[in-house]
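Student: Take a look at what Swiss-Prot says about it:
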- 67, 68, 69, 70, 71, 72, 73, 74: ATP binding site (BINDING)
């Protein structure tokens with residue numbers, strides 16, 4: 001049985017309204033027109049140089065989306081980082097650090113408090129071992145990263161398609177199975193900015209793809225991670241011979257928790273209970289006694305917050321596997337930006353301005 005989420009009724013109605021052009025979407029449409037004017041005005045002010053857009057001396061790859069409510073970009077960020085690391089490149093990651101309670105610029109370390117850095121940056125750092133910095137202004141994070149890790153050759157920005165204060169060289173826009181929803185701007189639809197717009201690469205993690213772009217498969221790893229980094233085969237948790245000796249309780253504090261539960265069941269796991277929590281839930285009110293009779297299994301993003309409270313919880317990584325053509329295009333575009341000289345220092349003239 002799935003616990004109800006703590007999302008309010010109006011948020012649920014709004015999310016449903018974003019899938020089609022019903023009465024609620026049309027009711028909110030005039031506000032969307034005003035929002036669209038403000039979005040265009042803001043971009044124009046950057047293009048005119050009234051608002052400052054700054055460049056850093058290494059290529060910047062922005063991975064983001066144009067829809068509200070999450071489209072699975074963080075697993076794509078980690079996939080891109082690992083791919084670049086496999087090429088032998090020194091990669092750094094920057095992020096705003098959504099949900100953190102601090103406002104300064106800081107490095108994400110293995111012992112950083114989630115409230116100080118945010119759950120997604122903590123997950124990226126733990127999963128990839130790349131240096132990660134968070135700041136309200138991405139350019140501040142990028143500069144701090146380069147000052148601390150001078151050999152960095154590429155910066156990957158987690159989210160930030162709409163953060164025009166940092167110039168970028170490549171933009172990857174991620175879509176899930178919702179595509180652009182009803183095609184309206186906020187609040188009548190899910191779009192943060194008008195679509196289509198120029199980006200370098202479009203990656204669809206949903207099936208079937210909503211429109212032209214590259215495709216990627218989302219699957220769960222065949223193993224679960226423990227807090228100490230050791231692995232437990234998911235097959236050992238499946239069926240009546242489950243080695244955990246306790247019923248499984250699956251929990252997820254992500255945009256679409258039911259997708260996680262469905263994927264676990266597809267791996268043969270029997271879930272005695274499921275617990276759907278709001279995205280970025282902080283576990284501040286978590287009570288161990290309420291769940292002590294269960295083996296807890298969760299997403300990687302939840303685990304970085306849950307492990308201090310439940311060190312025996314299991315985390316199942318989400319694996320994003322893009323079609324080979326996507327990585328080929330990414331490499332080809334990036335190779336044009338990287339210097340032939342092995343030195344990581346680049347001229348400020350590299351790349352292009354996307355604002």
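Here the Cβ of each residue, glycine as well, is placed from N, Cα and C on the backbone.
Keep in mind that what you see is a predicted model, and the values were worked out from it rather than measured.
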Student: Which one of the binding-site residues (69, 72) has its C-beta surrounded by the most other C-beta atoms within 10 angstroms?
Tutor: 72
Student: By the count of other Cβ atoms within 10 Å, pick out the sparsest of the binding-site residues 67, 68, 71.
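Tutor: Counting other Cβ atoms within 10 Å of each of the binding-site residues 67, 68, 71, the minimum falls on 68.
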Student: Tell me the Cβ neighbour count for residue 73 (ATP binding site), meaning other Cβ atoms within 10 Å of its Cβ, over all protein chains shown.
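Tutor: Its Cβ has 24 other Cβ atoms within 10 Å.
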Student: Within 10 Å of the Cβ of residue 70 (ATP binding site), how many other Cβ atoms can you find? Include all protein chains, please.
Tutor: 16
Student: Which residues of the same chain, at least 6 positions away in sequence, have a Cβ lying under 8 Å from the Cβ of residue 74 (ATP binding site)?
Tutor: 120, 123, 124, 158, 301
Student: If the ATP site is taken as the center of the Cβ atoms of 67, 68, 69, 70, 71, 72, 73, 74, which further residues of that chain fall within 8 Å of it by their Cβ?
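Tutor: Other same-chain residues with Cβ inside the cutoff are 65, 174, 176, 255.
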Student: Going by DSSP, is residue 73 (ATP binding site) part of a helix, a strand, or coil?
Tutor: helix
Student: Could you tell me which three-state DSSP class residue 68 (ATP binding site) falls into?
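Tutor: SS state of residue 68 (ATP binding site) = coil.
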